[in-house]
Amino acid sequence: MPKFKRVHLVVMDSVGIGAAPDSDKFFNAGVADTESDTLGHISEKAGLEVPNMTKIGLGNIPRDTALATVPAESHPTGYVTKLEEVSLGKDTMTGHWEIMGLNITEPFDTFWDGFPEEILTKIEEFSGRKIIREANKPYSGTAVIDDFGPRQMETGELIVYTSADPVLQIAAHEDIIPLDELYRICEYARSITLERPALLGRIIARPYVGEPGNFSRTANRHDYAVSPFEATVLNKLADAGVPTYSVGKISDIFNGSGITNDMGHTKSNMHGVDVLIDTLKLSDFEEGFSFTNLVDFDAVYGHRRNIEGYRDCLQEFDARIPEIIDNMREDDLLLITADHGNDPSYAGTDHTREYVPLLAYSKAFKGSGVLPVGHFADISATVAENFGVDTAMIGESFLSQLV
């Protein structure tokens with residue numbers, strides 16, 4: 001009999017809480033991540049009022065300097081700590097895979113200056129189409145079709161671009177490059193990006209329609225991902241008959257591996273919370289694990305170095321926490337964490353190598369307090385012990401400390 005019949009893990013994408021011990025090995029625009037501090041700098045520079053996370057104990061997490069506007073609670077309602085990443089990357093896929101128990105010793109590649117000519121030339125030779133070189137860089141998916149869609153409609157060239165994550169995306173107007181052709185090109189791109197010089201997590205077909213000034217992406221997106229290289233705790237749960245529910249891009253991150261119920265993509269953080277709450281309300285969700293990613297912190301505000309927007313986004317999520325808790329059962333466990341940092345006050349536009357917060361809450365808790373500093377994979381080890389399945393590669397359970 002599990003201690004908690006249902007466990008709900010929410011990843012606040014990129015919400016770091018201070019530079020990690022190995023942050024000197026990770027860089028942004030040539031600047032080491034050693035001074036990065038996503039929550040600390042937002043609190044210091046923009047003011048951060050998150051009363052619900054504060055109540056659980058966010059301000060109690062050990063730091064060299066306290067969060068400027070997030071006080072410590074004398075009687076927190078939950079257990080808190082910070083977690084360190086051991087894997088060699090600071091991207092979304094690496095963070096999530098480690099949270100589920102894997103140690104990634106060969107990180108995926110990200111391309112802040114665009115993909116190498118070797119890759120572009122191979123795609124051109126396979127497809128018989130030229131690639132628009134000016135689009136070959138990290139780009140907003142809507143901006144890239146606004147900027148280069150008209151040219152594609154005239155020339156039939158491919159729009160190949162990337163993001164902060166290890167992905168290659170190909171945007172194609174459905175009237176110019178038919179879907180079956182786009183998918184075939186993406187399948188080829190997948191085949192040449194399984195090893196260096198471009199070891200990528202996903203290839204994404206991004207079809208769109210419309211006229212210049214009024215383009216829109218269609219539902220015909222297709223992801224060509226890679227599955228985790230070893231079984232994660234998601235797989236262990238699914239194999240043992242424990243239901244797993246994914247909300248947001250979780251299913252994409254794991255290529256569907258170990259997911260028994262995909263609740264679908266989400267349009268925003270608030271939509272993600274809505275879907276999570278709908279999941280909590282499911283009458284047949286009697287026992288199991290839900291896994292939610294809220295990406296706006298990272299995609300909309302972190303990479304764009306928008307401190308005030310990031311603050312507002314955190315405060316919007318915090319305001320929904322009582323609603324999440326109201327829909328939890330007495331024997332549910334809520335875990336809130338992150339997958340890496342993305343300090344909106346820092347140099348460059350990339351993720352930052354940071355500790356991440358961990359907040360644990362249950363209506364069943366009799367106690368509260370600060371847990372020892374741990375590692376990302378401790379989350380999956382705790383989930384595994386709770387449901388009586390094996391852990392994955394790494395992780396130490398803190399289940400016995402949740403009382």
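Just so you know, the numbers here start at 1 and follow the chain as drawn.
For all residues, glycine too, the Cβ spot is worked out from N, Cα and C.
Swiss-Prot lists Asp13, Asp339, His340 with the feature Mn(2+) 1 binding site. Annotation for Asp339 (Mn(2+) 1 binding site): spatial neighbours Val11, Asp13, Ser14, Thr92, Gly95, His96, Ile99, Asn293, Val356, Phe376, criterion Cβ-Cβ under 8 Å with sequence separation of six or more.
Taken residue by residue with DSSP, Asp298 (Mn(2+) 2 binding site) is part of a helix. Annotated Mn(2+) 2 binding site per Swiss-Prot: Asp298, His303, His351, in sequence order.
Surrounding the centroid of the Cβ atoms of Asp298, His303, His351, where the record places Mn(2+) 2, the chain contributes additional residues within 8 Å, namely Asp13, Ser14, Ala164, Ala299, Gly302, His340, Asn342, Thr349, Asp350.
It is Asp13, among the binding-site residues Asp13, Asp298, whose Cβ has the fewest other Cβ atoms within 10 Å in the structure shown. In this structure, His303 is the one among the binding-site residues His303, His340 with the smallest number of other Cβ atoms inside 10 Å of its Cβ.
Geometry remark: His340 (Mn(2+) 1 binding site) versus His303 (Mn(2+) 2 binding site), CA distance 13 Å.
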